[in-house]
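**Student:** Here TrEMBL flags 235-269 as compositional bias 'Basic and acidic residues'. According to TrEMBL, the feature compositional bias 'Low complexity' maps to 270-280. Residues or ranges marked as compositional bias 'Basic residues' by TrEMBL: 283-293. Positions annotated as region 'Disordered' by TrEMBL: 235-304. Per TrEMBL, the feature transmembrane segment maps to 316-339.
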Amino acid sequence: MPFLSQNWARSTVPKPSQIRQPLLGQSRLTSGLPLPAHSRFSHCIHLLLCTESEVFLPSVTSEEQHVKMSKGKVENIKDKIDGNELDLSLSNLTEVPVKELAAFPKATVLDLSCNNLTILNPEFCSLTHLIKVDLSKNQLVCLPEEIWQLRNLQHLDLYNNKLKMLPLGFSQLKSLKWLDLKDNPLESTLAKAAGDCLDEKQCKQCASRVLQHMKVLQEEAEKERELKLLKEREREKKKEAKQREKEAREKEAQKKKKAEEKERKRKEYQAQMAALAAQEQPKKKKEEKKKRAAQNQGKKTASASVPKAKRSICSLFFSLLLKLLLLLIVGVASVIAVCQLTELRKEAFCVPLNVHFEETVRWAQGLEVVQQVIQKVSELRT
């Protein structure tokens, strides 16, 4: 049986960047002991075989580690700081203690490798002081969209995780100069852009190419979002147009309904008026008869009054004429009497009057009627 030697000193544990030997994928030791291929090397024990081969086995002291950890968070972060570096690797973390890390803004280099991280909370992106972050050998399936807030980040190690895609905000990490995405199930175009990261130069090229790739994806996403917004606006416009058409139809239907209701009321009113007229028809006929009778009576009265009026006018005219004639006769008689009986008969204006009077008397005496009248008058005297 091969001889195994353990060294528990922290200094002999290899750094996460060194835990990339092909032996990690081996399923058996030379001793014949099986190693599950899916084992999580959350705490690595450095074993030295007699064959001088180095492997890492799962720790058998996980219970002791959980005593030192509180819900996957490190209790004494300050003890892990060395200058500007904060080493939280091999700490069995399931989440990043963001609040505790925020208390140490001078720790710009953060090592979170070899933990059990599956996601990074959006709060992690508030650690804008970070310049270098090592997240290798975790179980990360995605990164937060808010990663663009890490504007000072220059070095990012994502080796050996479960990432398939990167968030579009990744393209805004303008300070990023170094990136490792090896051993992730990346989608084909992203994997092609990332390439290998076997040395410093390739990792820098990976950062540049991935940023350019994500920038293109972001531009495409922006165009797609604009197109989607445009389609959404068009749908909204069509929806509004349909709504307006619907409202117009409803308004027209309501208007038509009101018109029909008004017509119905008008017909009902006309029917009521016709019924009332039918009821009042006899009364109207009686009233019309009375009016016609009154009119006839008035006409008769008027026709009767017209002759009377004519007669009264004629009698008045004749009376007036007779009076004028009588007055004329009296006047003439008075003048004749004056010219015959007074001393004025010798005056110039009475002489012709007296001549005419005497001629008239003689003419009248020659009339038979006048003679008879004179005879009767004389007889009456006697």
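Note: Cβ is positioned from N, Cα and C throughout, glycine not excepted.
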**Student:** Run through the compositional bias 'Basic residues' (283-293) and tell me, per DSSP, how many residues are helix, strand and coil.
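**Tutor:** Grouping H, G, I as helix and E, B as strand yields 11 helix, 0 strand, 0 coil.
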**Student:** Of the residues in the compositional bias 'Low complexity' (270-280), how many are helix, strand and coil by DSSP?
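**Tutor:** DSSP composition of the compositional bias 'Low complexity' (270-280): 11 helix, 0 strand, 0 coil.
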